[in-house]
Each structure stands twice: as structure tokens, then as C-alpha cells.
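Taken verbatim from TrEMBL:
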ACT_SITE  109  active site, proton donor
BINDING   12, 13, 14  N(1)-(5-phospho-beta-D-ribosyl)glycinamide binding site
BINDING   65, 107  (6R)-10-formyltetrahydrofolate binding site
DOMAIN    2-182  domain 'Formyl transferase N-terminal'
SITE      145  site 'Raises pKa of active site His'
């Protein structure tokens, strides 16, 4: 049984989809920590209500990313995860941190990578005249949104779509894709 830490920054909807999937004993993984970069992240209370240990490491309390990540590492050492899932974690991690978790840290990104790395993905897809949008799960590397893709889900872009319309359709697919990609990843790494 693989031990999974989930990093969040907000309400944790993708976190909840992962927790729901891990409720199935055949999934092959269990949540051991939900960590947020703000004590105000709504997902922390949701995780705690499900009995998952939580921690808040506020990046604003540290002079630099090295100090912030040292505290994250201290918390991780207490919970000993095998895998980290970034689920709406809105902090860029240093190359040193990503190297420590090489091939053991996943991220969900709201675009069809390699298109639209970074922020404002849905508006960028609309501005480009794309006919479809989607989401990708990938391994995290030192380069932003650049690691090997583990899975993608596509949705059509409809006439009159706003970025919010597209985001809502993509989010439905994220909630299906991330658990499936994590399950496949766990099965492959044993």
C-alpha cells in the first residue's frame, strides 16, 4: 500500500476526488497527509473531517523558498509518504525539492500539455481559437508543467464559451482523470 501526501492551496476538489478513490481498498494507496500553503485553505477542514492528517505550512512565514521547503520536508518526514500529489497547489517548487521527489510527485494541470503551461490556461485556449481544452496529469520536474504526461482528458470548446465555462467542464474531467492516473502510476511503480 503506497502512502500518498496531497498538497493543496484552496478548496481541495481534486483532493476530494483522490480521497474518494483511495477509499477503495483495491486502489493500492492510502492518504497519509494533506498539506496546504495556507491555514485558510478550505480543503484542510474537508480532509480532517475524513480523518486524514493535515498540516499548513504558510509560505508567507518564510524569507525564501528554501526555508518554506525545509519546513515542508520536516512535515513530510513525519508522515513518510511514498508519493506526493499536487492538487491545486499554487506554489512553484524549487529544483532541489523536485529532485528529491523525482518520479514520485504528480501534478494535475488544466490544459492539454505541452500547451499552456502556467496560469490562465482556459483563456489562452479560447484566445488561440482552440476547438478543445482539457487537463493533464504529469510527473513533476524542475521545469514548470514539463514532466512526462501520465494521462489527459479532453473537452470540446463550445461557441460562446467563457474561460469559466471551459474551466467548469475541465474540472469535471480532472476529478476523473487524477484518480485514474494515480491508480495507474501506483500499479506501475508497485
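Cβ atoms are placed via backbone N, Cα and C, with glycine included.
Sequence features, as recorded in TrEMBL, placed on the structure.
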| residue | record | DSSP class |
| --- | --- | --- |
| 12 | N(1)-(5-phospho-beta-D-ribosyl)glycinamide binding site | coil |
| 65 | (6R)-10-formyltetrahydrofolate binding site | helix |
| 107 | (6R)-10-formyltetrahydrofolate binding site | strand |
| 145 | site 'Raises pKa of active site His' | coil |
Sorted by sequence, non-12, 13, 14 residues with Cβ within 8 Å of centre, N(1)-(5-phospho-beta-D-ribosyl)glycinamide: 8, 10, 11, 15, 16, 17, 18, 43, 87, 88, 175
Distance, residue 12 (N(1)-(5-phospho-beta-D-ribosyl)glycinamide binding site) to the residue listed as 'active site, proton donor' (CA atoms, angstrom): 14
Alpha-carbon distance [residue 145 (site 'Raises pKa of active site His'); residue 13 (N(1)-(5-phospho-beta-D-ribosyl)glycinamide binding site)] in Å: 20
Candidates 13, 14: member of the binding-site residues with the richest Cβ shell (10 Å): 14
Packing count at residue 107 ((6R)-10-formyltetrahydrofolate binding site) (other Cβ atoms within 10 Å of its Cβ): 24
Nearest of the recorded positions (12, 14, 145) to residue 65 ((6R)-10-formyltetrahydrofolate binding site) - Cα to Cα: 145
Intrachain C-beta neighbours of residue 12 (N(1)-(5-phospho-beta-D-ribosyl)glycinamide binding site), sequence separation six or more, cut-off 8 angstroms: 6, 34, 41, 42, 43, 44, 46, 47, 87, 88
Neighbourhood of residue 145 (site 'Raises pKa of active site His'), C-beta criterion under 8 angstroms, separation at least six: 107, 109, 111, 113, 117, 118, 138
Among 65, 109 [recorded positions], residue with fewest other Cβ within 10 Å: 65
